[in-house]
Every structure is written in C-alpha cells, then in structure tokens.
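The structure is given below, and queries will be raised subsequently.
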Amino acid sequence: MADGEGGAASAPTAGTRPVYRRVLLKLGGEMFGGGHVGVDPDIVASIARQIAAVVAEGVQMAVVIGGGNFFRGAELSVRGMDRARSDYMGMLGTVMNCLALQDFLEKLGVDTRVQTAITMGQVAEPYIPRRAIRHMEKGRVVIFGAGLGAPYFSTDTTAAQRALEIGAEVVLMAKAVDGVYDSDPKTNADAVRFDHLDYDEVLARDLKFADATAISLCRDNGMPIIVFNLLEEGNIARAVHGEKIGTIVSSGDGVPPRRQAVSPAR
C-alpha cells in the first residue's frame, strides 16, 4: 500500500511506552559522512542522542553500521581491485564508524561495547552473540563491526543475521529518505512511498533499499523491517513506540508481528 506523501512525523506521543523490547538499528555508512568521505561529528552526535533517548526508556539496542563513507568493496572491485580484498577494506571502514559512534554514546553516559567479526582485541570484543545479549540485558548498547567477517556479504545481510541471532524483535533500517518508494524520490517528484510491503513484493520489484539476501533472510525467519528517515530527530523513538512512520516490510497486513526477544540459556 502506498500513500504518495512523506510528511513530517510528529513527536512520540507523551506517556506512551515502547512496543519493542530489543531492536537492531541498521545505519548506512554514507550517513556518517554526510555525503563525504570520513565522519561528520554533528551527524554522529545527532544519531547518538537519538539512541541514548531510546535506551533511557529501557529498550535494548544493537547497531550495525556500514562503511560506505570510507570504502565500498563492490565499487572498488569494479575499478580492478580484488573483490575479497576490497570487501575486507570495507569491513575495516565499518569499525572506524563503530568507534566514532561509541565515543559519542559514551560522552552521553551510555555504556557501549563494540564487537567485531574480525578479531582486533585492542579496540573491540570479538563477536559472541551470548555476550552481546548479556550486554544488552545490562543496558549497554552493542555495536557490531566488520560485517560478517567474510567477503561478498553486505552489512544489510549482517544486520538481518545479527538481529536473528541476538533475538531482536525488529530491524530498524535507517535511511536518508522517509521510507521505500517505487522510484527514486530525489529524481522523480511523482515517486510514491509505500506504507507497507510484503517481502516477496520487495524482491519482485527489485527495490534497492536492501540487498536480496537480507530481505530473503528476514522473510524466511519472520523478521519485520521498518525503513525510516534517520535525519529527522526523534524518529528512532517514534519507530520503537510503534508509530506509523516510513515503510513496514513484513508479511500480513502491515502491522509488524511482535517477535519474542530471547535470552541465552542460563
């Protein structure tokens, strides 16, 4: 279903409670650089404030960050570099973004851990899902870096896989636009935004907000996705409060199912 207009989202309704207990937030690396190479401190600070506000409400949060503001393996390989090697360069870029976000969160008093799929003990813990869950249960934000630690897999796929393994209830896919459109709204003024999409419709239409592997993984395991505009302050809170912003990708009628957040056996 499409509504044709983005519109500005209102502030979260006063007195409401979050509808999700544990979420995974996917951030594109390009957003960290504000369209440029490197990290824009103002943007990262804004993201950190939004995350801190949600964590203060008791929501358990994990984050996956891309590295497109530094390197993009698939693009480097087109220029003649070995694909696997260029993907590893991209993974290192994601870790730089993780450390930047960690720094801004810690400055706000939010206890944070970075876990990476490639061992780098001086700056991060190794990725251990049970440990990540324990951190979140203690109110810490866990930031996952270095993708899946293997070439040929995107950070979108990483987000889907990590969300499933840590028992998240939803993937919050943050973008620079307010949802999924039938064409690029930056070049087509008549582009129509979808309120809800089924996984199979996303794949059939070849909509490019995430790669097919990530969408298939979410579809096969019933993991809902909310695609929303991160650049509007407060939208992360609106998403976890269940407000209808952006585009919901799920099966059924557009209401994300409440997946059960899980904890490891004690």
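Keep in mind that glycine also has a Cβ here, set from the backbone N, Cα and C atoms.
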For the UMP site that Swiss-Prot gives with ASP87, LEU148, GLY149, ALA150, PRO151, TYR152, PHE153, SER154, THR155, which of GLY67, GLY109, GLY167, GLY179 also belongs there?
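Among GLY67, GLY109, GLY167, GLY179, only GLY67 appears alongside ASP87, LEU148, GLY149, ALA150, PRO151, TYR152, PHE153, SER154, THR155 as UMP-binding in Swiss-Prot.
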Between GLY67 (UMP binding site) and GLY29 (ATP binding site), how many Å separate their Cα atoms?
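Cα of GLY67 (UMP binding site) to Cα of GLY29 (ATP binding site) measures 4 Å after rounding.
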In sequence order, what residues of the same chain, 6+ apart, have a Cβ less than 8 Å from the Cβ of ASP184 (ATP binding site)?
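Long-range Cβ contacts: ALA191.
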Express in Å, rounded to the nearest integer, the largest CA to CA distance found among the UMP-binding residues GLY67, ASP87, LEU148, GLY149, ALA150, PRO151, TYR152, PHE153, SER154, THR155 named in the record.
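Those residues reach a largest Cα separation of 14 Å.
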Between the Cα atoms of LEU148 (UMP binding site) and LYS26 (ATP binding site), find the distance and write it as a whole number of Å.
14
Tell me the Cβ neighbour count for LEU148 (UMP binding site), meaning other Cβ atoms within 10 Å of its Cβ, over all protein chains shown.
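Within a 10 Å radius of the Cβ of LEU148 (UMP binding site) lie 18 other Cβ atoms.
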